[in-house]
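The block underneath contains the structure these notes are about, expressed in structure tokens.
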Amino acid sequence: MHSNALNFSAGPGALPSTVLAQTREAIIAVPETGVSVLGMSHRSEWFVSIVEEAERNIRALLGLSDRYSVSFLQGGSSLLFATIPMNFATPAFAPPAYVNSGYWSSRASAEASRVGPSTVVWDGQSVGFRELPTLEHLDVDRRAAYLHYVSNETIEGLQFRLPTQDPAVPLIADMSSDFLSRPLATERFAMIYAHAQKNLGPAGVTVSVIDRELLGRIPGNLPRILDFRTQIEHHSNYNTPPVFAIYVLTLITRWLLNDIGGLAAMQKVNETKSSRLYRQLDEMQDVVKIHAARAWRSQMNVAFTFGDARLDRAFTEAAAEHGIIGLDGHRSVGGLRASLYNAVTPEAVELLCATLSEFALQRA
Ligand code: PMP
């Protein structure tokens with residue numbers, strides 16, 4: 001059996017071993033209740049307090065003001081690809097603007113165009129999705145309902161720089177693969193969303209942070225479950241929420257606050273890990289190709305290849321001998337990908353680098 005500690009999977013991904021131990025205990029009985037988390041009522045006082053704590057901890061980590069709502073949704077980030085235009089792209093505005101910087105952002109804009117008119121203000125297809133634009137340089141209609149982008153392209157391994165100016169139109173970011181990995185100037189965003197299965201816990205819950213000012217736009221005739229106000233007004237308990245996923249997410253936020261010491265500290269660890277791996281791959285540039293252009297390399301997902309599917313497979317086999325798993329690239333692009341989410345330790349990255357170096361030497 002392989003240890004979770006050496007899990008480089010792109011998601012669901014590695015979780016901190018302390019949180020896994022707490023989760024194992026809670027599956028039998030949550031210490032404060034004596035009842036399995038899998039059998040806890042979503043109407044129990046305990047669960048209501050867990051949702052409150054999860055929200056409080058996310059607010060503390062991000063320094064969020066009351067201007068923002070925080071809610072816990074289902075349907076993954078993919079449902080939000082559809083519900084964001086349904087809620088916010090109303091006829092009072094010009095069509096929403098989308099940045100197509102990779103697989104997931106292209107999925108988001110394709111979904112928006114099924115809901116109504118939308119525009120693509122930047123398309124990275126011509127550069128093979130290896131580069132990103134600077135948000136501030138995009139040409140966006142000032143009347144656009146919003147500007148949507150994916151802050152970290154999980155498949156291509158590209159990560160945007162954080163916005164440095166207040167955007168001209170409401171900025172909406174899918175942060176599924178880099179949420180809570182670094183501090184953010186949250187007030188520049190109108191909406192941030194992220195599913196849990198990378199940095200926040202198991203699949204099943206998606207965090208949505210919305211500037212309340214935007215809620216005034218929502219049409220009155222949306223099905224209630226698709227109207228963002230519904231879960232906000234019901235404290236994420238309008239219908240049965242994913243109790244287990246929200247509980248583990250709460251444990252993760254405690255870990256970030258108490259064990260790691262907040263997002264600035266988390267960012268330092270993440271910088272150490274990614275710079276170590278990129279340094280290793282740069283040293284091997286004769287045999288390895290990194291997908292992302294240097295300026296846009298992601299700290300979370302490192303997509304690379306030995307340039308030949310057989311060699312890539314040979315490397316995953318060599319890595320598996322050291323207990324390293326989860327290195328396959330996404331089926332749409334192939335190659336290899338090491339995901340360095342919050343719970344992946346610097347020691348695991350060190351072992352991956354040593355394995356890379358050993359593999360290259362054997363083949364030299
Ligand atoms: N956005 C990003 C950035 C992703 O990486 C993914 C999936 N890995 C999605 C959206 C789709 O999320 P879901 O499977 O939760 O719908």
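Residue 1 is the first one shown; counting continues down the chain.
Positions of Cβ are set from backbone N, Cα and C atoms, glycine also.
Annotation comment: TrEMBL describes 7-352 as domain 'Aminotransferase class V'.
The annotation L-glutamate binding site is assigned in TrEMBL to Arg43. Other Cβ atoms within 10 Å of the Cβ of Arg43 (L-glutamate binding site) number 9 in total over all chains. In the three-state DSSP reading, Arg43 (L-glutamate binding site) counts as coil.
According to TrEMBL, the pyridoxal 5'-phosphate binding site annotation covers Trp104, Thr154, Asp174, Gln197, Asn239, Thr240. When other Cβ atoms within 10 Å of the Cβ of Trp104 (pyridoxal 5'-phosphate binding site) are tallied across all protein chains shown, the result is 21.
Residues or ranges marked as N6-(pyridoxal phosphate)lysine in TrEMBL: Lys198. Here Lys198 (N6-(pyridoxal phosphate)lysine) comes close to Ala10, Gly11, Pro12, Gly13, Thr154, Ser176, Ser177, Asp178, Phe179, Met300, Ser339, Tyr341: these same-chain residues lie at least six apart in sequence, with C-beta atoms under 8 angstroms from its C-beta. Classification of Lys198 (N6-(pyridoxal phosphate)lysine) by DSSP places it in coil, neither helical nor stranded.
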Among binding-site residues Arg43, Trp104, Thr154, Asp174, Gln197, Thr240, close to ligand 1 by Cβ (under 6 Å) are Trp104, Thr154, Asp174
Once DSSP output is merged into helix, strand and coil, Trp104 (pyridoxal 5'-phosphate binding site) belongs to helix
For pyridoxal 5'-phosphate, with binding residues Trp104, Thr154, Asp174, Gln197, Asn239, Thr240 per the record, max Cα distance (Å, no decimals) returned as 30
Rounded mean pLDDT within the domain 'Aminotransferase class V' (7-352) lands at 97
